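**Student:** Structure in structure tokens, see below.
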Amino acid sequence: MALLSFERKYRVRGGTLIGGDLFDFWVGPYFVGFFGVSAIFFIFLGVSLIGYAASQGPTWDPFAISINPPDLKYGLGAAPLLEGGFWQAITVCALGAFISWMLREVEISRKLGIGWHVPLAFCVPIFMFCVLQVFRPLLLGSWGHAFPYGILSHLDWVNNFGYQYLNWHYNPGHMSSVSFLFVNAMALGLHGGLILSVANPGDGDKVKTAEHENQYFRDVVGYSIGALSIHRLGLFLASNIFLTGAFGTIASGPFWTRGWPEWWGWWLDIPFWS
């Protein structure tokens, strides 16, 4: 694949965290690096384990295939392969692939001399995965509290997990997570729509400037956050979708065992309206 005119300028040595020049190369448009190699290794091994574990199951229906975590009786120990051991190995591969990909992003950022905002943002969903598959099961004392790898089985797990606490919508972490999701979608949707509107004027009109963008939002909501800050806001909102969701998830079980509607009892005791 031919390089674009400006790409060679940025394909410089250095910036690697491990391996030095040994892994400091590109394959086509893709930077490899040590963590690119480790990511490929974990992805290949994990997918192979999923395929082999599926071959030991009762069906090849892609919707019904399920790699289940160990039974609660195994606690935090290693389980036999067909009784949750595959799930444990696949989870290790998933974490290895996710973390490798994040560190590869760090190396690319170091090469370009830019901030680490992208890898730090990617850390947030990795943290959410760790909460579900590692931290919460550790606090509860068994890997069996994690979710299975499968389409329908995962949906069943989400459904059953929510009903264990009567109504998951009353979970304050879930409430906050969904609120951040909706606000983020609205904010970045408005931003994207505005950029398209100023960059695609009607026939005979000139492309508009940042001043037009700022004035539009001043007219609509009385304030414009600015072209740079809207991306900071988007990062903040998107990160908090996972962070507040992780709080609500890890609190369920280790720190709160009753239905989430009961948690709101304090609201009824506030002197103003009690």
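We count from 1, first residue shown onward.
Positions of Cβ are set from backbone N, Cα and C atoms, glycine also.
I grabbed these lines from Swiss-Prot:
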type	residues	note
BINDING	H154, H174	(7R,8Z)-bacteriochlorophyll b binding site
BINDING	H191, H231	Fe cation binding site
BINDING	F217	ubiquinone binding site
TOPO_DOM	2-32	topological domain 'Cytoplasmic'
TOPO_DOM	54-83	topological domain 'Periplasmic'
TOPO_DOM	112-115	topological domain 'Cytoplasmic'
TOPO_DOM	140-170	topological domain 'Periplasmic'
TOPO_DOM	199-225	topological domain 'Cytoplasmic'
TOPO_DOM	250-274	topological domain 'Periplasmic'
TRANSMEM	33-53	transmembrane segment
TRANSMEM	84-111	transmembrane segment
TRANSMEM	116-139	transmembrane segment
TRANSMEM	171-198	transmembrane segment
TRANSMEM	226-249	transmembrane segment
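Tell me about the surroundings of these features in the structure.
**Tutor:** According to its DSSP assignment, H174 ((7R,8Z)-bacteriochlorophyll b binding site) is helical. Taking the Cβ of H174 ((7R,8Z)-bacteriochlorophyll b binding site) as centre and 10 Å as the limit, one finds 21 other Cβ atoms among all the protein chains shown.
DSSP classifies H231 (Fe cation binding site) as helix under the three-state reduction.
Annotation note: F217 (ubiquinone binding site) sits in a helical segment as assigned by DSSP. The 10 Å shell around the Cβ of F217 (ubiquinone binding site) contains 17 further Cβ atoms across the protein chains shown.
Note on the topological domain 'Cytoplasmic' (2-32): residues 103-104, 106-112 of its chain, located 6 or more positions outside it, place their CB under 8 angstroms from a CB of the stretch.
Same-chain residues lying 6 or more positions outside the topological domain 'Periplasmic' (54-83) and placing a CB less than 8 Å from one of its CB atoms are 89-90, 137-138, 141-153.
If one looks beyond the topological domain 'Cytoplasmic' (112-115) by at least 6 residues along the same chain, the residues whose Cβ comes under 8 Å of a Cβ in the stretch are 10.
When Cβ-Cβ distances below 8 Å are used as the criterion, the topological domain 'Periplasmic' (140-170) is approached by residues 50, 62-72, 74-76, 79, 84, 87-88, 90-91, 132-134, 252-254, 256, 258-264 of the same chain, each at least six residues removed from its ends.
Packing against the topological domain 'Cytoplasmic' (199-225) from elsewhere in the chain are residues 190, 233: each is 6 or more residues past its ends and has a CB under 8 Å from a CB in it.
Taken together, the residues in the topological domain 'Periplasmic' (250-274) have a mean pLDDT of 91 on the 0 to 100 scale.
Cβ atoms under 8 Å from those of the transmembrane segment (33-53) belong to residues 16-19, 22-24, 67, 81, 86-87, 89-90, 93-94, 96-97, 100-101, 103-104, 107-108, 149 of the same chain, restricted to positions at least 6 beyond its ends.
Through the fold, the transmembrane segment (116-139) approaches residues 69, 76, 91, 94-95, 98-99, 101-103, 105-106, 109, 145-147, 235, 238-239, 242-243, 245-246, 249-250, 252-254 of its own chain, all at least 6 residues removed from its boundaries and within a Cβ separation under 8 Å.
Beyond its flanks by at least six residues, the transmembrane segment (226-249) meets 117, 121, 124-125, 127-128, 131-132, 136, 171-177, 180-181, 183-184, 187-188, 191, 210, 213-214 of its own chain at Cβ-Cβ distances under 8 Å.
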**Student:** Whole-number Å only: compute the distance from the Cα of H191 (Fe cation binding site) to the Cα of F217 (ubiquinone binding site).
**Tutor:** 10
**Student:** When you scan the chain for residues with a C-beta under 8 Å from the topological domain 'Periplasmic' (250-274), skipping those not six or more beyond its ends, what do you find?
**Tutor:** 131, 135-136, 139-140, 145, 161, 164-173
**Student:** What are the helix, strand and coil residue counts for the topological domain 'Cytoplasmic' (2-32) according to DSSP?
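**Tutor:** Once the DSSP states are binned, the topological domain 'Cytoplasmic' (2-32) shows 8 helix, 4 strand, 19 coil.
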**Student:** How many Å separate the Cα atoms of H231 (Fe cation binding site) and H174 ((7R,8Z)-bacteriochlorophyll b binding site)?
**Tutor:** 24
